[in-house]
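Record features (Swiss-Prot):
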| type | residues | note |
| --- | --- | --- |
| BINDING | 77-88, 287-298 | NAD(+) binding site |
| BINDING | 95, 105, 134, 223 | substrate binding site |
| SITE | 141 | site 'Important for catalysis' |
| SITE | 190 | site 'Important for catalysis' |
| BINDING | 223, 248, 252 | Mg(2+) binding site |
């Protein structure tokens, strides 16, 4: 049975990287008996504003809701400024409408050849391998806020409920259980100061102890974790569990470790991938890079996002493994875009991965 994938290329380099990911998915289709994908392309972001006046047309949203998974490129750019209608609103809306409560961002090296590209020393970062699991729909970003009304005071409220923390904790624990032995879950909070963090810590402890007794877990204060991330990131290997704002910050800090945003995939999930068919939206961590000339963007983050999609939403872990192996082979062969020290174009990197899959 064919798996339906909605493509949302978005703006600028988003269109290029999604095209390369589709090229790779079609190679998987050709080389894997019984595997079939149906693609449907829709507008989001600035491209949608230009064509329809809104950053997420109803047609795109309805198509996404009816699909098995969504692959997104990137949205935004200076052309659309910071007015009332902005490209980023399309991304926020689709996350909310699709119920995407968990954001997963791996931090590892696609090839050992890339370790020396890290801004940190090889002996510090070698072996780094964790995934940040960020709660995506609660916390301070969605809390009550009060703008300065002339009084010189403004406020934002951090609120978490037990069910919200339970849900994201189960996601982290489930991902830890996919390894043998189970990986450690590192829960980050600020329980020495914040009431919301004390609820977070208490709830994480109960869920892990009662529901996942075989999964080791540790609590870590967010400021301490931020230091560990630059001192010895391998100490956090496993699954890093965080609230919305802390996850936003720590995942961006982690993203510089592998040396290029062009390498980093992400997933946003609406349910546990316990049957490998969780609905999700997949996208590279990099932005739309409006200043980058055509053919220069690194497509690997989007291609690796497609691999995550195969593993978590489309029940095809074997194909995901093949893509990740092909990416490793291509990097090791020296075919790479400029951000990785190479001279290959976007399309040449995609073609090389297709060739590796078809050999």
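Just so it is clear, glycine is given a Cβ too, placed from its N, Cα and C backbone atoms.
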Alpha-carbon distance [residue 105 (substrate binding site); residue 252 (Mg(2+) binding site)] in Å: 9
Closest of 95, 105, 134, 190 to residue 86 (NAD(+) binding site), Cα positions, recorded positions only: 95
Distance from residue 105 (substrate binding site) back to residue 293 (NAD(+) binding site), taken between C-alpha atoms, in Å: 27
Per DSSP, three-state class assigned to residue 105 (substrate binding site): strand
Set of same-chain residues at least 6 away whose C-beta sits under 8 angstroms from residue 80 (NAD(+) binding site): 46, 49, 86, 87
Intrachain C-beta neighbours of residue 141 (site 'Important for catalysis'), sequence separation six or more, cut-off 8 angstroms: 244, 245, 248
Sequence-distant neighbours of residue 287 (NAD(+) binding site) in its chain (C-beta under 8 A, six or more apart): 74, 76, 261
From recorded positions 77, 83, 190, 290, 296, the one whose Cα lies nearest residue 134 (substrate binding site): 190
Top Cα neighbour of residue 77 (NAD(+) binding site) in the set of recorded positions 95, 105, 190, 223: 95
